[in-house]
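Q: Have a look at this one before I ask anything.
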2 protein chains.
Amino acid sequence: MTAKNAFYAQSGGVTAVINASACGVIETARQHPEQIANVYAGRNGIIGALTEDLIDTSQESDAAIAALRYTPSGAFGSCRYKLKSLEANRREYERLIEVFKAHDIGYFFYNGGGDSADTCYKVSQLSETLGYPVQAIHVPKTVDNDLPITDNCPGFGSVAKYIATSALEASFDVRSMAKTSTKVFVLEVMGRHAGWIAAAGGLIEDHDMPVLVLFPEIDFDQERFLAKVKAMVDAHGFCTIVVSEGAKYPDGRFLAEQGTRDAFGHAQLGGAAPVVANLVKEALGYKFHWAVADYLQRAARHLASKTDVEQAYATGRAGVEMALAGESAIMPTIERLSSDPYQWQVGKAPLSEVANVEKFMPREFITDDGFGITAACKNYLLPLIQGEDYPPFENGLPRFVTLKNAPVAKKLDVFEI
Amino acid sequence: MTAKNAFYAQSGGVTAVINASACGVIETARQHPEQIANVYAGRNGIIGALTEDLIDTSQESDAAIAALRYTPSGAFGSCRYKLKSLEANRREYERLIEVFKAHDIGYFFYNGGGDSADTCYKVSQLSETLGYPVQAIHVPKTVDNDLPITDNCPGFGSVAKYIATSALEASFDVRSMAKTSTKVFVLEVMGRHAGWIAAAGGLIEDHDMPVLVLFPEIDFDQERFLAKVKAMVDAHGFCTIVVSEGAKYPDGRFLAEQGTRDAFGHAQLGGAAPVVANLVKEALGYKFHWAVADYLQRAARHLASKTDVEQAYATGRAGVEMALAGESAIMPTIERLSSDPYQWQVGKAPLSEVANVEKFMPREFITDDGFGITAACKNYLLPLIQGEDYPPFENGLPRFVTLKNAPVAKKLDVFEI
């Protein structure tokens with residue numbers, strides 16, 4: 001068997017641990033030089049493949065690759081670029097195969113969410129058709145935790161740990177201030193369609209904190225919401241509200257879309273948090289504070305879940321091992337064997353069943369009133385945030401790695417995307 | 001010498017380490033039972049003293065008091081309640097002395113910022129006049145770092161570490177995404193009058209991140225700001241903007257005050273971050289993300305600076321030791337002996353020189369163009385964020401302490417505040 005090169009790319013929004021998957025892919029590949037000659041990474045994701053802008057990872061030291069395990073973000077650059085359907089844009093898929101052929105690439109590792117699973121699947125199919133078979137493996141990544149089949153997605157556990165910890169800390173703060181000042185704290189979290197991240201905020205209930213969660217899956221009922229806030233403040237003197245950026249009214253409008261205009265008449269882009277905070281203020285008069293975590297939550301490698309880091313690395317490693325075992329058109333998955341004690345193993349799912357399927361919060365994970373999480377949900381979430389895995393610090397700040405990202409010499413004509 | 005009781009209260013906005021100061025006060029007091037019989041804490045700050053709502057800290061175990069060291073927020077409750085001047089409201093000051101007398105309190109430890117230093121000073125003066133002398137010690141606390149004389153304020157180092165780390169992590173994220181997506185990330189931080197917290201964001205410049213800081217001390221110049229953002233994005237492909245909540249236009253209006261109205265005509269409370277992000281979008285067309293850290297930053301005990309925790313504890317301990325040595329009307333301070341290696345000791349300042357003085361960023365800490373921090377500023381900031389001091393975690397989340405906060409039996413008539 002002649003050694004082939006591998007291609008690896010990061011896709012979509014990055015996470016605190018996607019580089020841990022990259023680390024798993026590259027370290028494992030380096031252990032099999034007889035089968036994988038080199039790993040080329042796409043600069044800025046799949047765009048790097050289309051434009052033949054490849055990064056030669058062999059230029060990186062073992063220490064630099066090891067440091068990816070504790071470096072957030074996408075070390076090779078990511079992109080938001082969804083390939084159109086095979087029918088609509090066969091040209092791009094054919095270009096991918098052309099680039100793979102030119103650089104003797106036999107393995108395609110694509111690290112992303114639902115869209116990239118779809119791309120990965122199509123590459124595996126088309127490469128067969130075009131007579132240059134490429135083993136295409138999708139390595140799962142998404143803070144949104146919305147991929148099917150896998151019990152959870154690498155990237156999610158760390159953001160869940162960050163949101164639960166931050167909500168807990170801020171709730172301690174609000175509790176201190178509530179007598180004469182802030183009574184309601186609103187924290188906006190990511191999750192445009194699925195409420196998994198918001199659900200993590202609900203975990204602080206078991207730390208005696210009154211918390212109310214607004215999920216994208218549950219239509220916002222303003223009257224019932226305000227009654228619940230009032231009941232919580234009456235009972236506890238304060239409350240914390242965790243609102244998903246995707247929370248919406250029954251008519252489908254996001255809470256964040258208020259049609260507000262600034263002094264110049266421009267549409268004002270706001271968040272859901274200030275909207276919710278102002279609603280509470282108007283109706284109940286409570287002093288509030290609000291925060292929008294945005295990128296802080298998904299970049300917070302300093303508070304990563306050890307479990308998440310291990311799973312991110314393991315799915316990267318498993319992807320390579322599965323490829324070496326001859327597999328293609330699959331995604332390594334996390335299989336939960338038991339919740340308490342938490343035991344898991346790596347499984348696999350066919351990409352045909354992964355691509356373009358979104359997994360939402362099951363209704364039984366949300367309390368009947370729609371404002372909290374159930375015991376079943378806590379049982380699901382808690383294992384995923386277990387353990388700490390602090391990055392090294394130097395001179396007060398985390399010591400992350402920035403790779404050299406040396407280019408591979410181009411062999412093909414320019415391709416316009 | 002007969003043992004007297006001590007009174008301790010937390011004032012104003014809480015921090016990640018104000019409880020470490022409480023820990024320093026109570027642990028040190030417990031080591032001197034011959035002089036300090038018991039420490040009574042004010043429930044919700046000075047309001048607890050006025051209403052004779054005292055907490056008996058002797059009911060708390062040594063372990064619970066030790067756990068204060070790693071628990072954010074104010075364990076006894078804080079309040080935003082500024083006593084009026086002695087002339088305008090002598091009644092409240094006299095009530096304080098009355099309560100202290102009724103509970104045999106000879107020591108007053110007040111843990112707060114500039115306003116509470118003023119209250120503390122007045123208590124020391126009035127108690128002499130009224131013939132019931134109380135030794136009044138102000139223990140410094142503020143994330144804003146705006147107290148005079150002391151080199152820095154306990155509470156600031158931790159928020160600085162959090163903001164610098166978060167800005168660094170988010171900058172890694174944006175750098176990954178910039179090719180096809182987000183090019184500008186805006187992070188709003190606290191500091192209504194002084195730009196110390198915003199300055200901490202400037203530290204990431206030395207980690208090769210293009211960063212631009214908007215200080216309250218520098219009038220916002222929209223044209224120069226946009227030119228600087230464009231230059232950074234042209235040079236690096238992205239940039240991070242750290243904006244203080246107190247950033248303002250030359251006419252004194254805060255950036256956050258946009259006079260925006262929602263669909264119902266209500267004034268819309270927004271933050272400075274979305275305003276800045278939208279300005280950039282309108283003028284330059286860059287895709288952006290923004291975050292408002294709000295309480296997350298000052299509650300983030302999970303990322304406290306070890307230096308800050310040590311200084312918070314040390315000033316609490318020193319306050320008690322100074323009181324036992326007969327001092328009054330003073331505040332323990334942090335004296336910097338050298339920056340590299342960082343060496344410090346506890347000093348003291350007379351409250352007459354502390355009360356109602358605000359310390360702003362010196363102009364020489366801000367770059368000539370007004371958008372960054374100088375080497376002198378970095379030299380000042382870096383020692384304050386050194387070291388990590390992680391709280392214990394249990395089942396995925398920090399294990400903080402919630403005290404019993406048992407009340408002391410009241411002896412006086414009700415007092416209306």
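Glycine is treated like the rest: Cβ placed from N, Cα and C.
TrEMBL: automatically predicted annotations, no manual curation.
Under the heading active site, proton acceptor, TrEMBL lists A:Asp144. Sequence annotations record features per position, and here TrEMBL assigns diphosphate binding site to A:Gly13. Taken from TrEMBL, the feature substrate binding site covers A:Thr142, A:Val143, A:Asp144, A:Met190, A:Gly191, A:Arg192, A:Glu245, A:Tyr295, A:Leu296, A:Gln297, A:Arg298. Residues or ranges marked as domain 'Phosphofructokinase' by TrEMBL: A:9-290. The site 'Important for catalytic activity and substrate specificity' annotation in TrEMBL covers A:Asp115. Residues or ranges marked as site 'Important for catalytic activity' by TrEMBL: A:Lys141.
Map the listed features onto the structure and describe their local environment.
A: The Cβ neighbour count for A:Asp144 (active site, proton acceptor), using a 10 Å radius over every protein chain in view, is 27.
In the three-state DSSP reading, A:Gly13 (diphosphate binding site) counts as coil. Other Cβ atoms within 10 Å of the Cβ of A:Gly13 (diphosphate binding site) number 24 in total over all chains.
The DSSP secondary structure for A:Gly191 (substrate binding site) is coil. With a 10 A radius on its CB, A:Gly191 (substrate binding site) counts 27 other CB atoms from all the protein chains.
A:Asp115 (site 'Important for catalytic activity and substrate specificity') falls within a helix when secondary structure is assigned with DSSP.
The Cβ of A:Lys141 (site 'Important for catalytic activity') has 32 other Cβ atoms within 10 Å, all protein chains considered. A:Lys141 (site 'Important for catalytic activity') carries neither a helix nor a strand DSSP state and counts as coil.
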Q: Taking chain B as the partner, extract the recorded positions from A:Asp115, A:Lys141, A:Thr142, A:Asp144, A:Glu245 whose Cβ is under 8 Å from a partner Cβ; order them by sequence and answer 'none' if none remain.
A: none
Q: Out of A:Gly13, A:Gly191, A:Leu296, A:Arg298, give those binding-site residues positioned within 10 angstroms of A:Lys141 (site 'Important for catalytic activity'), comparing C-alpha atoms, in sequence order.
A: A:Gly13
Q: Whole-number answer please: how many Å between the C-alpha atoms of A:Thr142 (substrate binding site) and A:Asp115 (site 'Important for catalytic activity and substrate specificity')?
A: 11
Q: My understanding is the cutoff is Cβ-Cβ under 8 Å with a sequence separation of 6 or more in the same chain; which residues meet that for A:Glu245 (substrate binding site)?
A: A:Glu188, A:Val189, A:Met190, A:Gly191, A:Arg192, A:Phe254, A:Ala256, A:Gly271, A:Ala272
Q: Between the Cα atoms of A:Asp115 (site 'Important for catalytic activity and substrate specificity') and A:Leu296 (substrate binding site), find the distance and write it as a whole number of Å.
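A: Rounded to a whole number, the Cα-Cα distance is 24 Å.
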Q: Where does A:Glu245 (substrate binding site) sit by DSSP, helix, strand or coil?
A: coil
Q: Which value does the mean pLDDT take for the domain 'Phosphofructokinase' (A:9-290) in this predicted structure?
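A: 94, rounded to a whole number.
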Q: In angstrom units, rounded to an integer, how far apart are the Cα atoms of A:Gly13 (diphosphate binding site) and A:Arg298 (substrate binding site)?
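A: Cα-Cα, rounded: 9 Å.
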